[in-house]
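The following features are taken from TrEMBL:
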{"type": "ACT_SITE", "residues": "CYS383", "note": "active site, nucleophile"}
{"type": "ACT_SITE", "residues": "HIS509", "note": "active site"}
{"type": "ACT_SITE", "residues": "GLU511", "note": "active site"}
{"type": "BINDING", "residues": "SER14, ASP149, ILE150, GLU151, LYS189, THR190, LYS191, PRO192, THR193, GLN194, LYS225", "note": "CTP binding site"}
{"type": "BINDING", "residues": "SER14, LYS189, THR190, LYS191, PRO192, THR193, GLN194, LYS225", "note": "UTP binding site"}
{"type": "BINDING", "residues": "SER15, LEU16, GLY17, LYS18, GLY19, ILE20, ASP72, ALA243", "note": "ATP binding site"}
{"type": "BINDING", "residues": "TYR55, GLY356, LEU384, GLY385, MET386, GLN387, GLU407, ARG464", "note": "L-glutamine binding site"}
{"type": "BINDING", "residues": "ASP72, GLU142", "note": "Mg(2+) binding site"}
{"type": "DOMAIN", "residues": "4-268", "note": "domain 'CTP synthase N-terminal'"}
{"type": "DOMAIN", "residues": "304-528", "note": "domain 'Glutamine amidotransferase'"}
{"type": "REGION", "residues": "1-268", "note": "region 'Amidoligase domain'"}
Amino acid sequence: MATKYIFVTGGVTSSLGKGIISASLAKLLQARGFSVTIQKFDPYINIDPGTLNPYEHGECYVTEDGAETDLDLGHYERFLNVATSQANNVTTGRIYYNVIMQEREGAYLGKTVQVIPHITDEIKRRMLLLGQTGEYDIVITEIGGCVGDIESLPFIEAVRQLRWELGVNETCVIHLTLVPYLKAAGELKTKPTQHSVRDLSEAGVQPDILVCRSEHHVPMDLRKKIALFCNVKQNSVIESLDAETIYDVPLMMRKEKLDERVISKLKLPHRADPELDRWKEFLGRLKNPTSEVNIGLVGKYVELHDAYKSIVEAFVHAGAANECKVNLKWFQSENLSDENVAATLAGLDGILVAPGFGERGFKGKMEAIRYARENNIPFFGICLGMQCAAVEFARNVLGLEGANSTEMDADTPHPIIDLMEGQKEITQKGGTMRLGAYACELKKGSKAYSIYGKSKISERHRHRYEFNNTYIAAFEEAGMLATGINPETGLVEIIELQNHPWFVAAQYHPELKSTVLNPHPLFTKFVKAAMNYTRNK
Ligand code: GLN
């Protein structure tokens, strides 16, 4: 079967949930036995989101092959349980970069290099790339931004060209719009949808399906009106109401028959109804918890929860696995001090210290860790959280005054966390950290080993600094064990504290691999430890 292409665009406003709609549709098609992947095209000029502040763009999601990507790729993986790669996220910057590099190499010698056809050709090449691997029946392409924005025009133009080139039944365009409710008038309004579809049509792309985000049920007569004004069939005007959880959306879209509309438009072979038993089972456990825990998330980007998207979702998966409601409580690490830490963190059943960069809030994180360590509260450190736990231990248990990470203090007398040799010469930013999947060997008999139930694991990384192995012996002697080691380099990937109910910290990012069908063992066991702590309190 030739690969079919679905394009998802958005209009009226951003934040309508294109990523979740794309992932939900992909889930439904996958559950019917099609092999599906999703890619995201972002209109900004950065080559990738790796250099963006989390406050700007939320979390930077890292793939197995070490690409720094948009957080929507995390949703794709969590919904589909299939890994994405470098090829699944393309920005305007990447497109221009490739074209400009080629121009310098003389690929266009004698020609004026222009948006059409050179930029659009490169966009089309990238849009078709995953389909050409032969691995997928269907490729869903989500176009970031809003239709009508100057910066997304070349993407829309590429979609227009591709629709002609590939033929009518080979592509399907789904446009996501907003149908707002005007309280004073007591009415849902279709005008913004009409305008946004007109914008899209003016660019030469007629959508096949409209997904209408609304806070109220969109009745049939309104769907009829939208269909009439927007040149789509009435049964292809689909409502998307606010959901209790994003994981409800596949079932909501199933009810609205989004998958059926797509199958009919693309003339896909008829397959059995989607097999969603395990998904529903997950939702059942998620919505019927039998216990509850309070977990503190200590970080410096806590004002924007999207900055920790994968961690939040990993807790949803782990909570469901334990039939336990996980209440995440957010703590700005900058505000924590020796004087207020006990009062501020009182009542928590577990403390997680989050990943991050730079000195701001580092001290507060250490206070939270000391509090968890001394009071036997389950503690989980991730990346900077792990580095912080190591520095805290060096200072407060080993008595190494001024111990630090060289990220925070280049002249520390005790560089517990230090730059890897290979990182010292690098000055360029973007794609230069230790990124992507690396193997890790767990020590038999350790807590880490019992959590994973095996000794060989692979996890994803995104950091420059590492545990300094000259300190391993001193740490182990005092009860902080290095129980996960990279087999090739000897780098420390996990530390865990003896004589503490649950104190585990990882240099890598386990949250990136947690999915609905495969909740991550570190998160499920951490939640379990928090449940036990609650019981014993
Ligand atoms: N700033 C630390 C480093 O670069 C940790 C990074 C992170 O938490 N992702 O090593």
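Here the Cβ of each residue, glycine as well, is placed from N, Cα and C on the backbone.
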* Between THR193 (CTP binding site) and LEU16 (ATP binding site), find the distance joining the two CA atoms and give it rounded to the nearest Å. => 13
* Would you mind pulling the longest C-alpha to C-alpha span across SER15, LEU16, GLY17, LYS18, GLY19, ILE20, ASP72, ALA243, which the record has binding ATP, in angstrom? => 17
* Structure fact -> Restricting the binding-site residues SER14, GLY19, TYR55, ASP72, GLU142, THR190 to those with Cβ under 6 angstroms from ligand 1 leaves none
* Using Cα coordinates, what distance in whole Å links CYS383 (active site, nucleophile) and THR190 (UTP binding site)? -> 47
* Cα separation, GLN194 (UTP binding site) to SER15 (ATP binding site) (Å, whole number) -> 19
* Maximum Cα-Cα separation in Å among residues SER14, LYS189, THR190, LYS191, PRO192, THR193, GLN194, LYS225, which the record lists as binding UTP -> 24
* Structure fact -> For the recorded positions listed (LYS189, LYS191, ARG464, HIS509), most other Cβ atoms within 10 Å of the Cβ sits at HIS509
* Which number gives the other C-beta atoms within 10 angstroms of the C-beta of LEU16 (ATP binding site), all protein chains shown included? -> 19
* Which one is closest to LEU16 (ATP binding site) in space, judged by CA to CA distance, out of the recorded positions TYR55, THR190, GLU511? -> THR190
* If you measure from the Cα of GLN387 (L-glutamine binding site), which of the recorded positions LYS189, PRO192, LYS225, GLU511 is the nearest? -> GLU511
* To do: Please name the residue among the binding-site residues ASP72, GLU142, GLU407 whose C-beta has the most neighbouring C-beta atoms within 10 angstroms.
  => GLU142
* **Candidate binding-site residues GLY19, THR190, LYS191, PRO192, ALA243, pick with smallest Cα gap to ARG464 (L-glutamine binding site)** => GLY19
* Structure fact -> In three-state DSSP terms, GLU142 (Mg(2+) binding site) is classed as strand
